[in-house]
Amino acid sequence: MKKSNLTLGTSVAAIALAAASLTPTVSAFADELVIESWRTDDLEIWESQIIPAFNKSHPDIKVRFAPSPPTEYNANMNAKLTAGTAGDLITCKPFDASLDLYNKGHLTKVDDLPGMENFSSVAKSAWQTDDGSTTFCLPMASVIHGFIYNKEAFKELGLEIPKTIPEFMAALEKIKEDGTYIPMSMGTADQWEAATMGFQNVGPNFWAGEKGRKGLIDGTEKLTDPQYVKVYEHLAEWGPYLGKGYKGQSYPDSQNLFSLGRAAIYPAGSWDISTFNGQADFEFGAFPPPVPAGQETCYISDHTDIGLGINAASKNVKAAETFLSWMASAEAGSIFSNALPGFYALSKHELTISDPVAQEFVSWRGKCESSIRNSYQILSRGTPNLENDLWNTSVGVINGSMTAEEAAKKAQDGLASWYKPQQ
Amino acid sequence: MALKNQRGSFLRTHVFVFLLPAALIYTLFMIIPLIDTVRYSFYDETTEGLTAFVGWDNYILILTDERWWTDFSNALKNNFIFFVIHMFVQNPIGLLLAALLSLPRLKMANSYRTLIFMPTMLSVVIIGFIWKLILSPLWGVGDTLVGFVGMTDGLPALLGEESTALITLSFISVWQFVGIPMMLIYAALLNVPDDLVDAAIVDGANQWTAFWRIKLPLILPTIAMVSVLTFVANFNAFDLIYAVKGALAGPNFETDIMGTMFYRTFFGYQLQPGSATLGATVASLMFLVILCGVMLYLFVIQRRLQRYQL
């Protein structure tokens, strides 16, 4: 298999090289920067907003955004980088995919780049070596978790925005008693919803965000510790408040139930905002994951999703560095976050976003501590995979087929079976 | 005489030449990959991407490691249930439909045949999507339908409950593929000479006895072949489960079969990295299971089948 991979790789490379020698490619222009990306949807935004804004201050550097299909991005990038035909700037997937590119020498260090000081260590963690000593991509965008609610439904039922978990459960109970609305729109059929919108959404409040996430990585905390069992216990309480047949409800079903106005609360990722903007004809708002009773600090999942790095083989490293530094600026962050509601620039600058719900989500950065999904860094490298186990166990507790203790034990046993610090 | 001999050798060269492309393609795309898969299951990949010979280690891991064995035995068990449902629901229904279609006085037989065969020709993705919609507890038509027979609570989430998901998927697959045993058996029934049946009818048998005493014994070899095809197809199944439940085959792996387990192992899933060598091991084990089943059929069943020269 490896052998055939290799031959496939070389033949792709050979074809790419042949193509490169036949046609004068982008790299022939010494001063044009080419950005590789999987975000085909964003082409228009780059061409009409981001690049013109950059050219206002740097008219001498030509930039071209050249996206390729998302499903083939990783394979495509590997082949292009090996063959030396990749663009100057590479859009980075978080964690292992980009780390792999760095380890193979395809990405440069960006630690000393002017502008890097604008990013927190959480933001940079997705594009760092395991020990955190080297950063190889500029953090570009994140998605934030929370709850979106139907403002009209809340008004109708006289509900306040719940701040603590007991308040949250009381609100769900009240909506259920009234019976007009499904209390919460989430299904367990697709599995990832339960883990991403459930476990990773409310979890950081229990495991204290980065402290818990790092604790799992260095082995000082275990998934069977009370703070993790409590997340499962809380999720188990959700079951009765999800709609009828939630076990067969898929992610699009959940979105539709909410945007049709049939559900009052929707556990969300900020990327849902643009969907609801287009479909819901009622006013909706957002609130951060409620904290356990008596807890002062709140934690949110501000999950790093998109980064930007420099191709080590680029002929325009200087220009690429200038562009990256500009991307780290407040101006670029603001343009990017406004053009794509629900995707937030990761720099520490205050972001003002015109979309009110998107603005609400990002305002939590000021009030709460940011963290990322705890299974993404290092912990999902082995088999059984922690991320997959979290899907399975979150569904298990919500469906009531597993107890919180069983779920925690299953996830922990799986992790400990291959991850040394947890053994 | 000389002419005859010449003609014979001329024919033989032809046979060889005509067989060559098929043999070549089959060897290139089936036999070599198969052998290479088995070979690959004895290797291991290190993190740097190098491979090393590890002997039976991969097999020992899957068959003795607690988690791997739980996954593997669960997939095997589910696959067996999947097969049993096809064997004892799909094939008898196929036989029944074929018998009905071959009745001499049936009107519109061709339309029925086409209609029943239709789902088989649809893409599995479409089948999965349609049934997901029909059975959706939120907007599905199933809810209204069961309302007519007095189930006021509506349809339970058949595809979402651990206890019903696998059986529901099996029935969807039965619905889709029932056309294949029907067609094969129907073709065999058409081969039964009419005079045999006519003679029996003249002797006083009705259609029912004629079917059981004359037609069925004559088509038994076809039914046996259909059974083997069902076995092989079911243990290689993957697409329907993947289309409806994804590669994690939820809820809680209740719909996981060998095909989906192989997919997860080989290609990885979401954040899980794939392992080509362990995937090859799972694939080899699948091959072994299918091989055992087919051998069992060859040596135990097929030898006892009586064939009649018609």
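Count begins at 1; order follows the chain as displayed.
The backbone N, Cα and C atoms fix where each Cβ goes, glycine too.
The transmembrane segment annotation in TrEMBL covers B:15-35 (among others).
Taken from TrEMBL, the feature domain 'ABC transmembrane type-1' applies to B:76-299.
Residues or ranges marked as transmembrane segment by TrEMBL: B:80-103 (among others). Only residues 6 or more beyond the boundaries of the transmembrane segment (B:80-103), in the same chain, are considered here, and those with a CB under 8 A from a CB of the stretch are 109, 112-113, 116, 166-167, 169-171, 173-174, 177-186, 189-190, 207, 211, 215, 223, 226-227, 230-231, 234-235, 237, 257.
Taken from TrEMBL, the feature transmembrane segment covers B:115-134 (among others).
Per TrEMBL, the feature transmembrane segment maps to B:165-189 (among others). Residues 78, 81-82, 85-86, 89-91, 93-95, 97-99, 101-102, 113, 116-120, 122, 124, 127-128, 131, 135, 158-159, 215, 218-219, 221-223, 225-226, 229-230, 233, 237, 240-241, 244-245, 250-251, 254-255 of the same chain, all 6+ positions outside the transmembrane segment (B:165-189), place their C-beta atoms under 8 angstroms from a C-beta of that stretch.
Taken from TrEMBL, the feature transmembrane segment applies to B:218-238 (among others).
Annotation source TrEMBL lists transmembrane segment at B:276-300 (among others).
Long-range contacts of the transmembrane segment (B:276-300) within its own chain (CB-CB distance under 8 A, at least 6 residues past either end) are made by residues 34, 37-38, 40-41, 43-45, 51, 58-59, 61-62, 72, 76, 224, 227-228, 231-232, 235-236, 258-259, 261-262, 265-267. Residues 287 of the same chain lie 6+ residues outside the transmembrane segment (B:15-35) yet bring a C-beta within less than 8 angstroms of a C-beta in it.
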